[in-house]
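Working notes for the structure below.
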Amino acid sequence: MTRVLVPVAVLERESVSPGLISLLGTVDVTLLGYHVLPEQTPPDQARLQFEERATAALEDLSQEFRAAGGDADHRLVFTHDREQTIQRVAGEVGADAFAVSGPTGDVDRLLVSLSGDVDVDRVLSFVERLVGDRDIGVTLFLAAGAGTPDDAAADESERTAPDDADGARLEAAADRLREAGVEATTELAEGGSPFDALIDAAAGHDAIVMAERAPSFRSLVFGDEGERVAAASVGPVIVVRDAESDASAAGTSSEPGE
Amino acid sequence: MTDEPSGRNLDGDAPVAEAVVETDEATITEDAELERTIGLTGGLAIGIGTMIGAGIFVFPGLAGGEIGAAASASFAVGGLIALLVALPTSELATAMPRSGGGYYFISRGLGTLAGTVIGLSLWLGLVFATAFYLVGLGYYALDALAQVGVTIGVGTDALVSGIAVVAGVAFTVLNVTGTENAAKLQNAIVALLLSMLVAFLGYGLLEAFGFVAVDTPPGEAVDVWEAVPILSVAALVFTSYLGFAQVATVAGEMKNPGRNLPLAMVGSVLIVTVLYVLTIFIATNVFTRDALLAAGETAMVEVGRALLGPAGALVIIVGGLLATMSSANASILSTSRAIYGVSKDALLPRWASRINLRYGTPHVALGMAGGPVIVLAATGQVQLLAEVASFLHLIMYGLMCVALVAIRRDRPEWYDPDFVVPGGPVVPVLGALASFGLIAFMDRLSIAVGVVVIAVTAGWYFYYARDVSLKGAL
């Protein structure tokens, strides 16, 4: 079964929008209630004080998810490092994707980004399972020439001459979705930054699905890509995890720390 | 699984305890998980960052002034004792990777009375140590002012105390309100310090072996190579080694604790011992005993000036400021964790571990650390503060070694350390003897103050928490 991790800063009064809850109705959900503490505070100390409140809120939220259709459980983590916690728990529960919460109403159209060196097959099969037999349309998006990841120079030179391979790749993906009974259109962006193009394309869509990419210099400086897209597009983002990060998350326990 | 902690304190609170599962990445309690986020580098930075401030930048003048080049033997003795304690501490910490450090091990191994005394005197010991670091910071700040040409007319002692108090207030406020990455800053400061020191020591060694020559001030006094003075100076400078056990206070947050805790503790002791011995060797090589004595707390600045000119003095001043700051800051952090550990076990009122809603920081515990620190810093008594801090820590170190022997003998079901000290009881027994033995070489007044502190904490146990039982409870 497909599982999506939904991190919620539950003690910061963050919640999950009704639109995202119903969108995730076709999949199982693990709610990850987390609370980030400054380094002065031992996590255990915060747990003693806040555990009950946080657990009560998480139970209410998971009930809402169950009411929307899928199975839902919850975990509560006190941490100094949000990113590390999300990666660890996602690996432990075997989540296929994690959600970045954002306000949205009923979802009738998804924007699915295939830009970059991503596992298209994994993203598409996730989208098929997410949409299920519901009447949700999909726009497949590709920033032309962004196929070479994290190499600005290559990006520039290739983007000036968008090659037909990109278009063909996009059409093949759309065909695959249509075969599965999902209404799909395509959008190929040429020139400019792939990030800005994705944000421009986000208008008219209720949520974005994208693939996780290996941490880069850019993500170190500006933060996680999914977060940035969510912040700029003001809607929920679902990040499909890499098959490799699954393996590496499972491997960290045997690997010496750091 | 184990005996539950039991009993209630005067306020009617019972110790908080529940079964938890420790993994390499998190502590899993019934309803929540606690992420482990501190790696080996972070652990080393806490250990080295706490230790290095005092040892290298304040003591060379005091210790070298007393016995000359023999002070490097004192530092070596201190390092050896620290190592004898760090090994047993590592074993205990990998068996009980929880916040609270030494307090936790002793209360579980030796019972509530010893636990209360150590828990509270760990808090107060850290308070004395922090005050000592802040006074050291005051001396360096004064030198920095002198360096940029600001001369002060009023009494320097008053000014040093003033700077120490202001810095104490600033660190406390910063820890309550600052939610930025204090640990990352700490790591950066420690890295910068280490590189400055290595460069400085490298040049100093070249000079010592005659590859480069500098003018050294003349002096008559000879070095004192005698056992008793060496040990008595070792007792004084032992404050320089008080950092390694602070690593255990964040044991609950260390990633892969079975590997990282022993490496961080033993590693930081070895690294600073080498640095200390080299520094003293160089300082006493450049300056004789009376010259060091005259230069006092900031003798290292003069050593730097003699070796590398004004630039050398500047490097040492900046290093001294950074190091005393990082020591003070790391100690305030450990203090609040020590208070939390004691309060969780109902040995202090529960409100002592409350967390501030706005900043998410333990403001009460930080206040209980910062408040007395400021009062003590105002006294400006470098030597007394350092020795009382050493005394209280040495008692804890000795009892930790005893606790290890006791726990090994009882072999409770939960005791399954990842790291085991080789050689059976030899290392912990030597560690305990050395720790208690070093106390005998301390100044009478320091011992008296320390004994009063211990008596007060024991009195607190009988008054407040007599019914609480913690022994053997995980």
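Including glycine, each Cβ sits where the backbone N, Cα and C put it.
In TrEMBL this protein carries:
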TRANSMEM  B:44-63  transmembrane segment
TRANSMEM  B:69-89  transmembrane segment
TRANSMEM  B:110-142  transmembrane segment
TRANSMEM  B:148-176  transmembrane segment
TRANSMEM  B:188-210  transmembrane segment
TRANSMEM  B:230-251  transmembrane segment
TRANSMEM  B:263-287  transmembrane segment
TRANSMEM  B:307-328  transmembrane segment
TRANSMEM  B:364-382  transmembrane segment
TRANSMEM  B:388-407  transmembrane segment
TRANSMEM  B:419-439  transmembrane segment
TRANSMEM  B:445-464  transmembrane segment
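Sequence-distant contacts of the transmembrane segment (B:364-382), counting only residues of its own chain at least 6 positions beyond either end whose CB sits under 8 Å from a CB of the stretch, comprise 58, 62, 123-124, 126-128, 130-132, 134-136, 138-139, 157-158, 160-161, 164-165, 167-169, 171-172, 175-176, 297, 332, 335-337, 339-340, 343, 351-354.
Beyond the transmembrane segment (B:110-142), the same-chain residues lying 6 or more positions past its ends with a Cβ under 8 Å from any Cβ of the stretch are 53-54, 57-58, 100-103, 152, 156, 159-165, 167-168, 171, 239, 242, 246, 296-298, 301, 317, 320-321, 324-325, 327-328, 331-332, 334-335, 338-339, 341-342, 345, 347-348, 368-369, 372-373, 376-377, 379-382, 385-386, 388-389, 391-393, 395-396, 399, 402-403, 406, 453-454, 457-458, 460-461, 465, 468-471. Cβ atoms under 8 Å from those of the transmembrane segment (B:263-287) belong to residues 40, 43-44, 46-48, 51-52, 55-56, 60-61, 63-64, 68-69, 71-72, 75-76, 78-80, 82-83, 86-87, 89-90, 93, 197, 201, 204-205, 207-208, 214, 216-217, 219, 223, 240-241, 243-245, 247-248, 254, 295, 299-300, 302-303, 306-307 of the same chain, restricted to positions at least 6 beyond its ends. Below 8 A, the CB atoms of the transmembrane segment (B:188-210) and the transmembrane segment (B:44-63) form 3+ pairs separated by six or more positions in the chain. Among the stretches B:69-89, B:388-407, B:419-439, B:445-464, the one making the largest number of Cβ pairs under 8 Å with the transmembrane segment (B:230-251) is B:69-89.
Within the same chain, the transmembrane segment (B:69-89) packs against the transmembrane segment (B:388-407): three or more Cβ pairs sit under 8 Å, each pair at least 6 residues apart. A contact links the transmembrane segment (B:307-328) to the transmembrane segment (B:44-63), because at least 3 Cβ pairs that are 6 or more residues apart lie under 8 A. Long-range contacts of the transmembrane segment (B:419-439) within its own chain (CB-CB distance under 8 A, at least 6 residues past either end) are made by residues 80-81, 84-85, 87-88, 90-91, 94, 231, 234-235, 238, 258, 261-262, 390-391, 394-395, 397-402, 404-405, 408, 447, 450.
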